[in-house]
Amino acid sequence: MVIICGEIDLSVSSTVAMSGVMIGLCWGRWGSSGVMPGWLVFLIGILSACAVGTVTGLVNTYFVTKFKMPSMIVTLAMMNVLYGICAMISNGFPVVTFPGWYSTIGAGFTMEVIPNAAIFMLIVFLLIYIIMHKTKLGRDVYASGGNAEAARLSGINVIRTKAVCMVLVQITAVISGIILSSQVMAGNFTFAKDWGMTVISSVIIGGASFNGGIGTMKGTMVGLVFLGVVSNAMTLLNVGEYAQYVVRGSLMIFAVVMNTLQGRKQA
């Protein structure tokens with residue numbers, strides 16, 4: 001959504017880390033001692049993480065739209081701010097105060113066959129797909145990314161549209177953080193540090209444009225699956241970790257070059 005809207009958000013990776021740490025800290029403070037019911041502590045942790053994500057999205061939007069700052073710079077700065085705060089509240093150590101049932105969220109199975117993480121992914125995918133392709137908000141996103149000035153003149157509130165996109169992508173990052181922390185039963189400020197670029201790579205490989213206004217959820221899914229297949233293939237072939245970074249970076253450069261050439265042809 002954010003890239004289609006003409007912006008980039010690198011701060012989602014820090015929100016992933018923050019959500020797991022916050023839920024773990026909430027449980028360690030109130031859940032493990034029995035001060036509050038477990039479901040209430042979990043709800044407080046989720047709402048707290050969503051609040052942080054919402055504020056982050058709104059702050060990003062404010063600096064991008066008010067001061068005309070590049071979204072990549074703003075969100076990169078916000079990413080470092082959030083990682084710093086995350087490290088401070090966790091004292092630089094992993095948070096492992098999670099209940100045993102928490103692992104079923106991301107590592108469990110429904111009907112002993114379907115991974116819960118896959119179910120969450122499909123639900124989020126369908127919701128965003130409906131928003132982007134079946135609602136007025138989706139049309140506003142495409143219009144704002146394609147030509148912000150023309151969208152504004154046609155009556156679209158471009159700033160509000162960008163704000164909604166920035167907040168929604170942060171909420172999806174919170175969901176990712178919950179799933180990740182439940183899979184490893186820990187929250188850590190070092191989590192997901194390279195996720196931002198991976199997400200951007202998958203979106204661009206899937207056919208989106210850095211200039212905005214172009215892209216589909218189907219294309220994004222294809223990009224994610226492609227990168228996942230490449231990553232798993234390198235693991236099976238015993239490709240070294242550092243070499244994998246080289247391959248991912250090369251794919252990113254290739255995607256950007258193809259995106260640029262496509263933009264020139266359309267111009």
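Including glycine, each Cβ sits where the backbone N, Cα and C put it.
Keep in mind that what you see is a predicted model, and the values were worked out from it rather than measured.
According to TrEMBL, the protein carries these features:
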type	residues	note
TRANSMEM	12-30	transmembrane segment
TRANSMEM	36-59	transmembrane segment
TRANSMEM	71-93	transmembrane segment
TRANSMEM	113-132	transmembrane segment
TRANSMEM	163-183	transmembrane segment
TRANSMEM	195-214	transmembrane segment
TRANSMEM	221-239	transmembrane segment
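Remote same-chain residues near the transmembrane segment (12-30) are listed as 36, 38, 41-42, 44-46, 48-49, 52-53, 56, 78-83, 85-86, 89-90, 95-99, 102, 169-170, 172-174, 176-178, 180-181, 186-196, 199 (criterion: CB distance under 8 Å, separation of at least six residues from the stretch ends). When Cβ-Cβ distances below 8 Å are used as the criterion, the transmembrane segment (36-59) is approached by residues 9, 11, 15, 18-19, 22-27, 30, 78, 82, 99, 163, 166-171, 173-174, 177-178 of the same chain, each at least six residues removed from its ends.
Beyond the transmembrane segment (71-93), the same-chain residues lying 6 or more positions past its ends with a Cβ under 8 Å from any Cβ of the stretch are 2, 7-11, 13-15, 17-18, 21-22, 25, 52, 56, 59-60, 63-64, 187-189, 193, 196. Tertiary proximity for the transmembrane segment (221-239) is limited to same-chain residues at least six positions away from its ends with a CB under 8 Å from its CB atoms, namely 125, 198, 201-207, 247-248, 251.
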